[in-house]
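According to TrEMBL, the protein has these features:
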- C:8-282: domain 'Phosphofructokinase' (DOMAIN)
- C:16, C:77, C:78, C:107, C:108, C:109, C:110: ATP binding site (BINDING)
- C:26, C:27, C:28, C:29, C:30, C:160, C:219, C:220, C:221: ADP binding site (BINDING)
- C:108: Mg(2+) binding site (BINDING)
- C:131, C:132, C:133, C:168, C:175, C:176, C:177, C:228, C:252, C:258, C:259, C:260, C:261: substrate binding site (BINDING)
- C:133: active site, proton acceptor (ACT_SITE)
């Protein structure tokens, strides 16, 4: 390998935490160590960068974390980093420590910050997509998405047990403020009668039609999965509206909430995180900057951060049709 | 064994469903079969008894259900069974089919119904405690309680991951309208800072003192577990009040909800259900009636239904102290 | 949609079972129903085809199976289908029932049978890759692979607990007679010191070097993951050889075995199975034959069966390097 | 509370590790802290006592371990502690540090060592039953037993999926060298056709009779659960013998092995461990010695160590009968 473009790097986790962030961090630190790159962990996202909260990390600093949810570096949303002054402070700390490359693990907001930081100060940055929402372009899956899907699915499987025993209708809210990936996939996987997501213009009439069709086939209980960001109505409103038209229904609401962000990462997430952590460090070494490391069809790919933010993984149209066909 | 006191029995599940009800049902059906007792399943609790919704059951009717949550007989709360007319209809169906013994799987309400039915019509009844709330006297644990504890604990473990990563305070509501068993045990098992239960007179000042003490020890994130039936305030109100006194806290609320009722039963619940199902049938055969089958310290015991309803498993005082000592 | 190329199809599961086969079956049956195609299930793989063991299936035949491991149609390896006579019998049954399309869920062997059957008798066939081994070309993942990875990972996570507590070395055998995908990915996900797979020429010296390097870094316990089909030696022999060179090591062996084939499918496997089941039926309707439905980078793709069998998903070279770098 | 009988205590984990040992350790350390007792952790069981490997522990030393399998103090079997010289060294270290009480978490062997140590040197000792085998008298359950049961049950549930899909017979070995508790309870919970345990004199003829009876009822696949210490034959021999008499059976063997010792403890185990850790420290404070803390029917009880070792929790005869009745 020719000479590395970076000698000393820092790594941070930012935005909403996701299972597998620790596995990505471990991969960054150990890959850096393997290639004799010094590596610092930054605590609490961009806030730590601004406050100079750096931590020298070696291979043993990240032992026994590959299987842990959350992020040992902690995460935060930083208002100050959105200001020029904040970023200047952050840059000064980097200069002081001699840091010439920065690995940013997070989502949309994290990447926007990284991009601006790079454009203003020239420091090499590379992104790793870590968010349960899967709303980042340039990678088949984001880190944490697969684990969140399994968590949501397991919870809905349990809810189905009680729904079936009591002939109930459940409206289940899953995470996803702007993206319906979790709703669509967990709903498909649990045989939801209907799935409401922000990417599609849903109508209450269509939902009611589905209820009526289900009645005809003798289905006595139903699950409707609703993304947090659904525009038609929230789960409580949906339950209320449904009760008006179907007064005999025994309707309940469940909000899965923050448990979807935690838990030991799935195998797919640990492997993805390990590969992207490796890819981020080797990418920086090869001179890449302002890109995001991602996996497409088992291959490591780099996408300009700008593209990763602006473009979107689109909800597969087929999936909407399939979920409808299969939830008979 | 001398002659059985019953020849033809029926079994029903009633009230809120609980993991392990199917395992209990399987045990009832197969034990009856083993001793040449005819066995009928009744659908949808006492409603099925009233409507004559009986199902002849043999050993193969209950195959592959020991590991399934919910109840294949379905459950319901019956208003009609609270009336003399309703119970008369139910009795008439029993007479018509020649049923001389009834196994009732459920909780408090279920047992009250059974007791009255026995006292009015003389038909032998025996109860099996199936409820996640553990609020039945005469058994160390009720069926479903252990599974619900593990479900709640797993969810709170996940929530802790994200709480820790973001230095947050979470108020987590678990099931238990009248009983704090789930809250107390799942809270103890997850190192909750505080646990609020209906059995104890809680005060907001004590909670705030705990927050302040935690700050002193450097604890940056906390979980407070709150039973559904807590009298001081519900989780949203608690969050709001806390926010006023601790404006810097990043506070979130999670309501675990109905997922606590579902899921494949734990080993302890499957074994308990199997033993109680067996105990219920052999109890009826030996001429017992108006009692509940329970397990105490691994021994099968029978408790008069009246006692099972009136007395209560008391929250262990030690447990409250222990949870306080350990959540440093 | 223009007229369908098929009117009546049959579906079977064959070869080693894999979690998600039931989800695929459900998707085939319900998609067929949606498009007014008649659908028959064939029991016990090609044996059922030969013996005429067909079962008319409608939407309710596949209810509550999306979350179940195994296959309700059962699976078997058929010797008779390898003979011309056997296949002739199978074809006669298809003719008798008017079946003009066949969906075959399984692996290599299953597809070889399907291909020959198509070439001999002209009946349309389409394959769905269902095997935990992931050794099929034309799809990023096979159905069951993701679930098996998580099962293996969970077991190894548990083994690590006891390995660490007792400073032990564990040799863990995972499934994979010809392919090291499970070993490589579960080993990477659990921080295995070394991973031995049939695709690579391993040497005992390299393994011993890894042990010695681990000693230097103070690692007191280790996991070595070995694929079932590893050519260097099996786990018992590896343990014995290691004991000779490292007499102080407390060495244990664990063979994960058949539990890797079972269990409720992961969300990824349920979604993959649902999409491929849909894709298989619509593929047949569009006139496709002698192809396999697969997913690459979230897109449905069809690959000639011949190619799916002959080509192989290659073990990613990067992954071998990454596992080495990260297991410091 | 009157003055404590101890001022400075040490705690160790010894023998085979069990899930919940960390939770017990946490409870010991935090209870001691609460009552102003100094507390030392001893590494690697009695070896650490002999080698003076002590670690001062405070409340933060045990944070985030309640949910972790294994033991952070590590465990070992000590040959040297079986000698007078070894114990003298251990005592000298205790004297040097001023330790006047010792909490020993482990099983039979651990307790025997503690008892002799107490009798020889007068230092107060108290035992906490931590072993997955449940073979300790004086407590309904030992720490780790409940978790091991669920681990074994989950694995057998998975094996059943593939057994059913292929009409196979599986012989599954679970842990338990001298005790059949895991086998009996996990077998009952998974509907095993037969369960072979060391406490009962099993015969191959009875097993074969069960196979023949199962055939008559149309059962096409079966699980036989065998305790590690079964005297009739090991799983491989059983498989071989069965194959001779039932040549048509497709028979497989699975050995669950060490995964049964690991994993995050169940809620019941965390609560049990917390209560016993508390009970051990308060027991020492009250002047108790040479006893074991246990739970019977939700009450804390102390049993003389001698009794805990000599007596045995007997396998419940009912359970053998019930497992036979229910596995139709």
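Any Cβ shown, glycine's included, is placed from N, Cα and C.
When the record's substrate-binding residues C:131, C:132, C:133, C:168, C:175, C:176, C:177, C:228, C:252, C:258, C:259, C:260, C:261 are compared pairwise by CA position, the greatest distance found is 33 Å. Cβ-based neighbour count (10 Å, all protein chains) for residue C:109 (ATP binding site) stands at 19. The two recorded residues, residue C:77 (ATP binding site) and residue C:221 (ADP binding site), show a Cα separation of 41 Å. In this structure, residue C:252 (substrate binding site) is part of a beta strand by DSSP. In this entry, C:26, C:27, C:28, C:29, C:30, C:160, C:219, C:220, C:221 make up the residues listed for ADP, with the farthest two CA atoms of the set 54 Å from each other. Across the structure, residue C:16 (ATP binding site) and residue C:131 (substrate binding site) are spaced 7 Å apart at their Cα atoms.
The C-beta environment of residue C:177 (substrate binding site), restricted to residues of the same chain at least 6 apart in sequence and closer than 8 Å, consists of C:133, C:198, C:227, C:228, C:229. Sorting the binding-site residues C:28, C:175, C:259 by the number of other Cβ atoms within 10 Å puts C:28 first. Contacts of residue C:78 (ATP binding site) defined by a Cβ separation under 8 A and a same-chain sequence distance of 6+ are given as C:14, C:45, C:46, C:47, C:50, C:86, C:113, in order along the sequence. Of all the binding-site residues listed here (C:30, C:107, C:108, C:219), C:107 has the Cα closest to the Cα of residue C:261 (substrate binding site). Considering only the residues assigned to ATP binding, C:16, C:77, C:78, C:107, C:108, C:109, C:110, the longest pairwise Cα distance works out to 13 Å. Each of the binding-site residues C:16, C:78, C:110, C:133, C:219, C:221 was checked for a CB under 8 angstroms from a CB of chain A; none meets this. Contact with chain D, taken as any Cβ pair under 8 Å, is found for the binding-site residues C:252 out of C:77, C:109, C:252. The binding-site residues considered are C:30, C:219, C:261; of these, C:219 has the fewest other C-beta atoms within 10 angstroms of its C-beta. Residue C:30 (ADP binding site) is 26 Å away from residue C:108 (ATP binding site) when you measure Cα to Cα.
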